[in-house]
């Protein structure tokens, strides 16, 4: 009976430990997969540098697409379902690639692979360009709108987007080079506010978007970035959302609080496991000592019996 109770307690402890460690382990695995994909893309882009790109036709078609949606005033952008659509099938270009590039955000300490179309599958792997917005190749009259989760099963993604401030840098690396952007405006919009993510005439923009506030996700947090040419300062920016967006209820304190709770819980688990290991070791040593004493007593009794 005593052994059964001990076994049950051990199983319950392991189950609780598994529940506690799952987000940490899953997040670590997801972050590793994302980092490996970015490393693969970096190596590929470096190998192809200076060579005639096999993606020239894709680039031309993307340029045509960007011009088309601008001229049509993005009529296809009618609801959230539009975001999932990807107008390009890489297989038609003889490519097996899934990611079109990667996004680098130093202020968030994040590098994320970039996919076309905000499907559940793509958003589970990294960041995604919303359908019916500009393809990530730059150019006048473009606004590439990129979405990512506000944290996903332990993976950071755009969780710490509030660390970005006006003037911070964001870089987009794709098959054709690096596009550098500067943050020019930050705000909060409603999920159905399509006009807030449309192309701004004459501008070359990139917009980051994620859920807000954390974790209710009833609104969308947007960061507008403007293209910066090498050696030039960003052009004057006309606010997209207006002055009222200066008052935003922050979520970062709650996010950082959760991270501290996770660190404390993980530390407690490590201490608990360490304590259990010490107790088991001491118990084993006592058993060995008792067994040794018992053996000595038996040997002494045997000697006395012979005498």
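Cβ from N, Cα, C; glycine included.
All annotation found in TrEMBL is predicted automatically rather than curated by experts.
Annotated active site, proton donor/acceptor per TrEMBL: 149, in sequence order. Its Cβ placed at the centre, residue 149 (active site, proton donor/acceptor) has 19 other Cβ atoms within 10 Å.
According to TrEMBL, the feature active site, acyl-thioester intermediate maps to 211. Around residue 211 (active site, acyl-thioester intermediate), taking its Cβ as the centre, 22 other Cβ atoms fall within 10 Å, counting all chains.
According to TrEMBL, the coiled coil annotation covers 48-75.
Annotation comment: TrEMBL describes 260-281 as transmembrane segment.
Between the C-alpha atoms of residue 211 (active site, acyl-thioester intermediate) and residue 149 (active site, proton donor/acceptor), the distance comes to 7 Å.
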